[in-house]
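Report on the following structure.
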Amino acid sequence: MSIYTNSKPWTVPALAEAKRNGSKIVMLTAYDAGFARILDANGVDLVLVGDSLGMVVQGHDSTLPVSVHDMVYHTACVARGVRQAMLVVDLPFQADASPERALEAATALLRVGAQMIKIEGAGHKLEVISYLVEREIPVCSHLGLTPQSVLRLGGYKVQGRGEEAGGRLRAEARAAVEAGATLLLLECVPSQLAAQITTDVSVPTIGIGAGAGCDGQVLVLHDLLGLDSGHPRPKFVKDFLAHGGSVAGAVRAYANAVRDGSFPDVEHTYTS
């Protein structure tokens, strides 16, 4: 199979065009330049420097210990390996506690190569989203299971089950878009609900454990490669390196599966 090539770098307008055209968007995490180059050359549209690095790189039990300094360091590394993909970066725990604090952290990340900032949650985070967007910073709103809220949630659990919870999540998604979010990431949400949200909103949705009805998919690279992170393997994960081959081949297989709709399958999704 030939190496994927994209003639144009991904931009915010390109995301909107993909939504209009029904083109699936492929996203993966990376934490260093070497893997970023592989993703960039093999069909990945958006590269996410996630605070998941706290668990899969640093070995913590959650993402809470990750600092802005950590995110700046890894973003700078990944940015050196990306040419075509858009670089999306998490604001770590409490870096978005206030609009001013979020702007300071986001600015530091943009200066080393970030092109979009991802923020977890709704509520007061809507003010943060608006504040950043008003200052020309594209924002991805992460809803559903938000790992930075693991202590409040009591663990990593499916969100939005039941009519009341589902309605609340749909309202949060609409509010995030109204606040200016360019992209929504839906994590561990029943597939039917994620599909409804995807229809509700004008911006693309990226799912992880949210079914095939989203506009795109994301996985943690270590999960896609079957690497042991020391944590239970989520239901939504598929090991694309299980039958051998190369890292590049596994990334291509994932990208192709997202685009042709074969991933995620029913076994990787949750129901209401």
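Note that Cβ sites are derived from N, Cα and C of the backbone, with glycine treated the same way.
GLU120 is the only one of GLU100, GLU104, GLU120 that Swiss-Prot places in the Mg(2+) site (with ASP51, ASP90). Using the Cβ center of ASP51, ASP90, GLU120 for Mg(2+), the list of other same-chain residues with Cβ within 8 Å runs, in sequence order, GLY50, SER52, THR63, VAL66, LEU91, PRO92, PHE93, LYS118, ILE119, HIS142, PRO147, GLN148.
Within the same chain, residues at least six positions away from SER52 (3-methyl-2-oxobutanoate binding site) with a Cβ under 8 Å of its Cβ are THR29, THR63, ASP90, PRO147, VAL220. Listed binding-site residues: ASP51, ASP90, GLU120. The one with the lowest count of other Cβ atoms within 10 Å of its Cβ is GLU120. For the recorded site, GLU187 (active site, proton acceptor), the DSSP three-state label reads strand. When other Cβ atoms within 10 Å of the Cβ of LYS118 (3-methyl-2-oxobutanoate binding site) are tallied across all protein chains shown, the result is 23.
Taking Cβ-Cβ distances under 8 Å and a sequence separation of 6 or more, the neighbours of GLU187 (active site, proton acceptor) in its chain are HIS142, LEU143, GLY144, LEU145, THR146, PRO147, GLN159, GLY207, ILE208, GLY209, ALA210.
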